[in-house]
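J.: What TrEMBL lists as active site is Glu68. According to TrEMBL, the feature Zn(2+) binding site maps to His67, His71. If you look up TrEMBL, you'll see 4-149 marked as domain 'SprT-like'.
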Amino acid sequence: MDNAQLQAWVERVSLESFRRPFLHKATFNSRLRSTGGRYFLRSHNIEISPKQLEMFGSEEVEKIIKHELCHYHLHLMRKGYQHRDADFKQLLAQVGGSRFCQAMPGTKRKEPYRYKLVCSGCGTEFMRKRKVDVKKYGCGRCRGKLVQSLVESQG
Ligand SMILES: [Zn+2]
Ligand SMILES: [Zn+2]
């Protein structure tokens, strides 16, 4: 699916579920990671994560579109367009939109490797996320003694 198809989709959902036209732009944004969609207060445009479509399918994305359109229409009508507003909650329930901009699985930041182990026997380096008991564990290759050091965090 491309941006033109997404645009047509959002326009159709807007007319069908809200009986109001969507007059701005809807685009895919692959950099959206923690949310399924975004509504921009200044431009009135909507962005949808293409990852959502891959992972959850069109039924789920339509709910996200409805969620973003609730922000859109309420904002333009100068009503309560934020998640905590009664207008928003009411309209969202009415059209059956996604309750929240859904967090996606597998997008949590990876735990960094904090420990470096160097074998004093063969020189092999190993990276580990957790501290290793070097008295108990030796090199997997040569059984040599491992020297452990803390790696600087890379943010
Ligand atoms: Zn929202
Ligand atoms: Zn070794």
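Backbone N, Cα and C define each Cβ position, glycine as well.
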J.: What is the number of residues in the domain 'SprT-like' (4-149) that are helix, strand and coil, as DSSP sees it?
T.: 52 helix, 22 strand, 72 coil
J.: Relative to the Cβ of the residue listed as 'active site', which residues of the same chain, six or more apart in sequence, are found under 8 Å away?
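T.: Sequence-distant Cβ neighbours: Gly37, Arg38, Tyr39, Ile46, Ile48.
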J.: Between the binding-site residues His67, His71, whose Cβ has more other Cβ atoms within 10 Å than any of the rest?
T.: His67
J.: Could you please provide the mean pLDDT value for the domain 'SprT-like' (4-149)?
T.: 89
